[in-house]
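K.L.:
I'd like to ask some things about the structure below.
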Amino acid sequence: MGLQALSPRMLLWLVVSGIVFSRVLWVCAGLDYDYTFDGNEEDKTEPIDYKDPCKAAVFWGDIALDDEDLNIFQIDRTIDLTQSPFGKLGHITGGFGDHGMPKKRGALYQLIERIRRIGSGLEQNNTMKGKAPPKLSEQSEKNRVPRAATSRTERIWPGGVIPYVIGGNFTGSQRAMFKQAMRHWEKHTCVTFTERSDEESYIVFTYRPCGCCSYVGRRGNGPQAISIGKNCDKFGIVVHELGHVIGFWHEHTRPDRDNHVTIIRENIQPGQEYNFLKMEPGEVNSLGERYDFDSIMHYARNTFSRGMFLDTILPSRDDNGIRPAIGQRTRLSKGDIAQARKLYRCPACGETLQESSGNLSSPGFPNGYPSYTHCIWRVSVTPGEKIVLNFTTMDLYKSSLCWYDYIEVRDGYWRKSPLLGRFCGDKVAGVLTSTDSRMWIEFRSSSNWVGKGFAAVYEAICGGEIRKNEGQIQSPNYPDDYRPMKECVWKIMVSEGYHVGLTFQAFEIERHDSCAYDHLEVRDGASENSPLIGRFCGYDKPEDIRSTSNTLWMKFVSDGTVNKAGFAANFFKEEDECAKPDRGGCEQRCLNTLGSYQCACEPGYELGPDRRSCEAACGGLLTKLNGTITTPGWPKEYPPNKNCVWQVIAPSQYRISVKFEFFELEGNEVCKYDYVEIWSGPSSESKLHGKFCGADIPEVMTSHFNNMRIEFKSDNTVSKKGFKAHFFSDKDECSKDNGGCQHECVNTMGSYTCQCRNGFVLHENKHDCKEAECEQKIHSPSGLITSPNWPDKYPSRKECTWVISAIPGHRITLAFNEFEVEQHQECAYDHLEIFDGETEKSPILGRLCGSKIPDPLMATGNEMFIRFISDASVQRKGFQATHSTECGGRLKAESKPRDLYSHAQFGDNNYPGQLDCEWLLVSERGSRLELSFQTFEVEEEADCGYDYVEVFDGLSSKAVGLGRFCGSGPPEEIYSIGDVALIHFHTDDTINKKGFYIRYKSIRYPETMHAKN
């Protein structure tokens, strides 16, 4: 039966039932053929200032790209902009069709416009229907700049820990499915998802109008959303989106994809060709893994297809002549797991244990464990359960403080959780019990001693006394079905003087009219004899619960028959602020909410900056000469859907200036959502000074007339802190006779100032200019120096000096950007001299003149002296040069201690990535070297294989090693045998730390010892 013979009803049934294609993933759009977005369906949780993928600069399928991505991403300059059907563009990574594509943000249109805006330059070319499809140009391939979350350290979640928040408008089953997807990643990798506490960076599951989309990797500097929109709440889709969060691009964009699949461009929907661009080797790191047809990150065969039976991606046949299936959305593939484990450097030994009971043992048990082994087990059970760990055998090498071979058990989800114990030797440890639902077990061996190893069993127990002010309680095995024949009793106690608040996120317990079988019982007190609040079962979430004291008693019971998904609840300390005499400090209305309260105002009023008092609505007519304007609610976040207009009017012949003291609005340079507009004049038809959003404080603006219009608008989503601005009306003194200034007059609010050009300073009379002194001392690690009066000609009879000092252990480099000094064969007239030290008596590095840009110059130490001299005759433009620092060099040690620092910005910033620095320390003849670490903080790893400091007893790395060091805390002093030592500092491209500070000196000591590795 042909495609045309299928009725619309049959087509719809085929799509929904999944028969048409192997996997369907509509992303940044809905799967529904008649997709429309109801504003009432948007996330209704308490506003969180998150990075919203739906407001990204552009989309690449379901991947949100921001300005940082665009600045380092280029596409072919021959894409046709004129014939693209922008109205039909959407954001999907699934199957056929363009039904219901949101028209608000056409992906290709956005992509081209943004790249054009940053200067890529797009040309028209008839490459659409019936023409050659767009492809990467050779030039753009050469010009690609490396980019990939997997190779950019800031995109990797530290320690593999990803805090999360789930928006409040998701159903219980959706929440359970999100947790199942996260547990799926945890089960097979060393990535850990944990409910957010006070972490700055975390993900927020939201329901956004653009459907399903996410950024790739960690964005940092606050929360970021993962949008799970309409018809995207499927297990496989969420696992896929979490793959982007973890740091993965789509498999079919790998650089080697043409060896494995064929892109059939004539079958691609017009305007969606860019979704099939492939990345360059420097842009994505496949971590040495083979191309993975089975990856959950792979497109399906008919993604963005013109017709449901037309392939856009055709996999190559295998050795048996069979084309492998692609685009599955069921589970992680072996390749997905291998790549994730490499990306997050998971130990080769250990696993994540999620069953209610189980066992673990050292490798090779009971026949002995290998040396230099590192294993990590993560035990993760249901919140509300505790983990009981019992070691059945212990036979490890015994050492002081268990320094060599040991087992560490921690009460939590990662290596920084509280330590329950560190064990070695042959004494079996006692029973260990966690305080919550996670436990970290780490085993390390570094000796060659052969023992049996260890074996342990664990069990999850539900119930118990909980003394916390907030936390989670879930039925055993949640989000999977609870187990039969369970009885769990919890007694929750919060701080004295408070109540216990309990809210349910999910609830599904076997239904019965009187809850006679499976049920949850909640009592207002500390025991089963306390007053009954409710006995709950069925599928309806119970109402929020508030105890009358600081204690709440809960009991969950399941029988031996029907099992359901169970429940998930949050508890916290609660008080009714509105019941207090001052009603929480609210001026007009107090609204108590569980866990908090809100002040409200009568109609015609809005909350003031303190969020308690009420004042007239924002905006208005301002006739004062000066004053302050703030966003509604300042200094708290401004409310949504606000439109405030201030009309500022000053006397005639006056001008109005506005200066922002603080500025933080949603948005970037597009300013489509929340923004401030400033006009010279009374209406929006007047002269526009600018439209502003984001976090950059606008420049001071002065009106052209005696009135100014300031308009603020916010949309219904993300709110920020807003702005605080001061306006001031004054006459423009610079408009008459340049304000009496010899060079430049700058009008300021309420006054004016005179300024002088480069090479001159302001006279004591504050109006005239005189030549400046030419002596500067520079201590910054990088910057510019210029000849006097730059970029105009330098003055005659001038002598200027610069002394540049860098942090000890670093050399100064001088690179010239422009150079034009009077020419002479021996530079006898005007010239620039550079010395290798702090004075003109130091060795000279160069004497420069003429118009040829000199080669860069480098000092041997951390100081450089520069002198510029001009005579009485010819003047030229002069020079502009950049000074910077480089690590390493030859350092002379004396009996007086000297200092050496790991990087130029030590103390201000962490060391940068991809460093390889070598310092050669030479002592006085007949002496040795003493190295004393004053500060040491370098990325920690068992073998110091990532970032490390290595010391050698000689001229090169072939000499005897005195130690390789990493981690936190200074190593012991190091003594050389000879009079020369080499220090090598290496960093990779991921985690950066504070660095190190070494004090070294020359000593005469006959019995020095090598430091131990």
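Backbone N, Cα and C define each Cβ position, glycine as well.
Annotations per Swiss-Prot:
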type	residues	note
DISULFID	CYS190-CYS346	disulfide bond
DISULFID	CYS212-CYS213	disulfide bond
BINDING	HIS240, HIS244, HIS250	Zn(2+) binding site
DISULFID	CYS349-CYS375	disulfide bond
DOMAIN	349-461	domain 'CUB 1'
DISULFID	CYS402-CYS424	disulfide bond
DISULFID	CYS515-CYS537	disulfide bond
DOMAIN	574-615	domain 'EGF-like 1'
DISULFID	CYS601-CYS614	disulfide bond
DISULFID	CYS618-CYS644	disulfide bond
DISULFID	CYS671-CYS693	disulfide bond
DOMAIN	730-770	domain 'EGF-like 2'
DISULFID	CYS741-CYS754	disulfide bond
DISULFID	CYS774-CYS800	disulfide bond
DOMAIN	774-886	domain 'CUB 4'
DISULFID	CYS827-CYS849	disulfide bond
DISULFID	CYS944-CYS966	disulfide bond
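Looking at the shown structure, can you explain where the listed features end up?
P.N.:
For CYS190 (disulfide bond), the same-chain residues lying six or more positions away in sequence with a CB closer than 8 A to its CB are GLY160, ARG341, TYR344, CYS346, PRO347, THR352, ILE376, ARG378.
CYS213 (disulfide bond) is surrounded by 30 other CB atoms, counting those within 10 A of its CB over all protein chains shown. Secondary structure at CYS213 (disulfide bond), as computed by DSSP, is strand.
Using a 10 Å Cβ-Cβ cutoff, HIS240 (Zn(2+) binding site) registers 30 neighbours.
For CYS349 (disulfide bond), the count of additional Cβ atoms within 10 Å of its Cβ stands at 15 [all protein chains shown].
The average pLDDT computed for the domain 'CUB 1' (349-461) is 93.
Applying an 8 A CB threshold to same-chain residues 6+ apart, the list for CYS424 (disulfide bond) reads LEU396, TYR397, LYS398, SER399, CYS402, TYR404, ASP405, TYR406, ILE407.
Of all Cβ atoms in the protein chains displayed, 24 besides its own lie within 10 Å of the Cβ of CYS537 (disulfide bond).
Sequence-distant contacts of the domain 'EGF-like 1' (574-615) (same chain, at least 6 residues past either end, Cβ-Cβ under 8 Å): 494, 497-501, 503, 544, 546, 630, 632-636, 639.
When Cβ atoms from all protein chains are considered, those within 10 Å of CYS614 (disulfide bond) total 17, not counting its own.
DSSP classifies CYS618 (disulfide bond) as coil under the three-state reduction.
There are 18 other CB atoms within 10 A of the CB of CYS671 (disulfide bond), with all protein chains counted. In this structure, CYS671 (disulfide bond) belongs to neither helix nor strand by DSSP; it is coil.
DSSP assigns CYS754 (disulfide bond) to a strand.
The C-beta environment of CYS800 (disulfide bond), restricted to residues of the same chain at least 6 apart in sequence and closer than 8 Å, consists of CYS774, GLU775, GLN776, SER787, PRO788, ARG867, PHE868.
Residue counts for the domain 'CUB 4' (774-886) under DSSP (helix as H, G, I; strand as E, B; rest coil) come to 0 helix, 58 strand, 55 coil.
Listed in sequence order, VAL821, GLU822, GLN823, HIS824, CYS827, TYR829, ASP830, HIS831, LEU832 are the same-chain residues six or more apart from CYS849 (disulfide bond) with CB atoms under 8 A from its CB.
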K.L.:
At the Cα level, what's the spacing in Å between CYS618 (disulfide bond) and HIS244 (Zn(2+) binding site), rounded?
P.N.:
42
K.L.:
With DSSP helix as H/G/I and strand as E/B, how many residues of the domain 'CUB 1' (349-461) fall in helix, strand and coil?
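P.N.:
Tallying H, G and I as helix, E and B as strand, the rest coil: 3 helix, 57 strand, 53 coil.
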K.L.:
Please identify which of CYS515, CYS693, CYS774, CYS827 has the densest Cβ environment, defined as other Cβ atoms within 10 Å, among these disulfide-bonded residues.
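P.N.:
Going through CYS515, CYS693, CYS774, CYS827 one by one, the largest Cβ count within 10 Å is at CYS693.
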K.L.:
Nearest by CA distance to CYS741 (disulfide bond): which of the binding-site residues is it, out of HIS240, HIS244, HIS250?
P.N.:
HIS244
K.L.:
What's the CA to CA span in angstrom from CYS537 (disulfide bond) over to CYS212 (disulfide bond)?
P.N.:
33
K.L.:
Return the single residue from the disulfide-bonded residues list (CYS212, CYS601) that has the minimum number of other CB atoms within 10 Å.
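P.N.:
Comparing Cβ neighbours within 10 Å for the disulfide-bonded residues CYS212, CYS601, CYS601 has the fewest.
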K.L.:
In angstrom units, rounded to an integer, how far apart are the Cα atoms of CYS212 (disulfide bond) and HIS250 (Zn(2+) binding site)?
P.N.:
15
K.L.:
Name the one residue among CYS213, HIS240, HIS250, CYS944, CYS966 whose Cα is closest in three-dimensional space to that of CYS614 (disulfide bond); these are the recorded positions.
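P.N.:
Ranked by Cα distance from CYS614 (disulfide bond), first place goes to CYS213.
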K.L.:
By a simple count of other Cβ atoms within 10 Å, which of CYS402, CYS741, CYS966, the disulfide-bonded residues in the record, is least packed?
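P.N.:
Counting other Cβ atoms within 10 Å of each of the disulfide-bonded residues CYS402, CYS741, CYS966 gives the minimum at CYS402.
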K.L.:
Given HIS244 (Zn(2+) binding site) and CYS601 (disulfide bond), what distance in Å do their CA atoms have, once rounded to a whole number?
P.N.:
43
K.L.:
Identify, in sequence order, the residues in the chain of CYS375 (disulfide bond) that are 6 or more apart from it along the sequence and have a CB within less than 8 Å of its CB; answer 'none' if there are none.
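P.N.:
Set apart from CYS375 (disulfide bond) by at least 6 residues yet with Cβ under 8 Å, we have PRO347, CYS349, GLY350, SER362, PRO363, GLU442, PHE443, ARG444.
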